[in-house]
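Below: one structure, written as structure tokens.
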């Protein structure tokens, strides 16, 4: 038996695209922009941090971050993000999306600035405070900046390189690290505060989401009034209907497990598996490009030139694969459906990972490097025209409104757990099997080739777990979450669970 859908929610489902929708898209987009920028910009400056604070006088090669420091700098934000998404996901269902979004934006602004102002000049003080503030930055990120990170770093390093020319490390080690280099990484890290600050004002001007106000806060009158203003239509402040006295099931109830248990397992497992591959690829692509010789050896460049070449390489990858992948998703997601795009994305990522790993020695030859870069770029294209988009969308569509933020937070936190596995694990795993060829301080690993094989297997598992995720294309949020169903006290008359495959 189904309850009648509130008029305000029906008006949202059938409303034509208008200014309110574009405003919401821009505000949400700026949140994602800031999220991705803050998480990925650190990969652009870790080499510079190693030169600035860990170069040993007289050493043959420039300094690099020790393994424990590199792992902390790269991964601490994911630790904060994991805890933040669980906390703010729960809080979003208690206080509303608007208040929590504002809180996280302000935390991101403060911690982005504080990360760039890391205290002291001694390396222990700088690294400790940088990690401290990046943890809390990650905590606030519980919310398409990969390209932006590369672009900002390219501009910054290019400008400073022109203003402060310096010789290569192998020519003059001391002079290859201009004093101004210390400002470059700080400015790159602090830039993340700008989009978050700009977004805060506009988000606070928008009303709370109608579904939260009507279904969770139980104030249909306020929801109708809010949507009347933003949709520019006349919505009657309908009286609260007489609701049948049904005890609502909780998040940890058998009823939730029956209705949505497999769905939650599907969203958490696929996001976890995706982020192992996606974040390890993004954070350490500079190391992979160095391994195949696309980026020159560190000793042949000065500090600013190295940042510039790493940023330029990552910007090219983003421009040619990451960004187009997102736009393909925008165009096809309502035509193909979420399920088909996710299956296709994981499948293609698996194929390209194996195509890179199995003949890895072939790709390391100078004549074949461009082919490697093209194939590697295609893994990013199908990540974004695939699970990197759908794993975010689906949890926001298939769970009841009163659990939606919490379940999305749980799914996203699982993703960040995968990112931590990728960030910490790949750092060690990708080291050469020959102890003499590893970076300073690192034990022997399994090598880049075997690391790529592992990532291919991870993506293959993603294909399998996608079969637990339902298709939500073309259905209202209430239809997907079954919020309009009245629960029958007779267990024998319970509705059959929704199918998890598209029909």
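Just so you know, glycine gets a Cβ as well, placed from its N, Cα and C.
Please treat TrEMBL annotations as automatic predictions, because they have not gone through curation.
Small disclaimer: the values here were computed from a predicted structure and weren't measured.
Marked as transmembrane segment by TrEMBL: 20-49 (among others).
Over the domain 'Major facilitator superfamily (MFS) profile' (24-474), the average per-residue pLDDT in this prediction is 81. Taken from TrEMBL, the feature domain 'Major facilitator superfamily (MFS) profile' covers 24-474.
Under 8 Å from some Cβ of the transmembrane segment (69-88) lie the Cβ atoms of residues 38-39, 42-43, 46, 49-50, 54, 100, 103-104, 127, 130-131, 134-142, 279, 283, 405, 409-410, 412-413, 416-417, 419-420, 423-424, 427, all in the same chain and six or more residues away from its ends. What TrEMBL records for 69-88 (among others) is transmembrane segment.
Sequence-remote contacts of a segment are chain residues at least 6 beyond its ends whose Cβ falls under 8 Å from one of its Cβ atoms, and for the transmembrane segment (100-120) they are 31, 34, 38, 84, 88, 91-92, 126-127, 129-130, 133-134, 136-137, 139-143, 185-187, 189-193, 196-197, 199-200, 203-204, 405. Residues or ranges marked as transmembrane segment by TrEMBL: 100-120 (among others).
As annotated by TrEMBL, transmembrane segment applies to 132-163 (among others).
Same-chain neighbours of the transmembrane segment (183-202): 23, 26-27, 30-31, 33-34, 37-38, 41-42, 44-45, 48-49, 52, 102, 105-106, 108-110, 112-113, 115-118, 137, 145, 149, 152-153, 156-157, 160, 304, 307, counting only residues six or more beyond its ends whose CB sits under 8 Å from a CB of the stretch. Sequence annotations record features per position, and here TrEMBL assigns transmembrane segment to 183-202 (among others).
Residues of the same chain lying 6 or more positions beyond the ends of the transmembrane segment (316-333) and with a Cβ under 8 Å from any Cβ of it are 144, 146-147, 150, 285, 341, 373, 376-378, 380-386, 388-390, 393, 473. Feature annotation from TrEMBL assigns transmembrane segment to 316-333 (among others).
For 339-358 (among others), the entry in TrEMBL reads transmembrane segment.
Summarising the annotation, TrEMBL assigns transmembrane segment to 370-389 (among others).
Summarising the annotation, TrEMBL assigns transmembrane segment to 409-430 (among others).
Residues of the same chain lying 6 or more positions beyond the ends of the transmembrane segment (451-470) and with a Cβ under 8 Å from any Cβ of it are 262-263, 265-267, 269-270, 273-274, 276-277, 280-281, 338-339, 342-343, 346-347, 349-350, 353-354, 356-358, 360, 387, 394, 398, 426, 429-430, 445, 480, 498-501. If you look up TrEMBL, you'll see 451-470 (among others) marked as transmembrane segment.
Long-range Cβ contacts of the transmembrane segment (339-358) within its own chain (Cβ-Cβ under 8 Å, at least 6 residues beyond either end) map to 270, 274, 277, 329, 332-333, 372, 375-376, 378-379, 382-383, 385-391, 394, 449-450, 452-453, 455-456, 459-460, 462-463, 466, 469-471, 473, 501-502.
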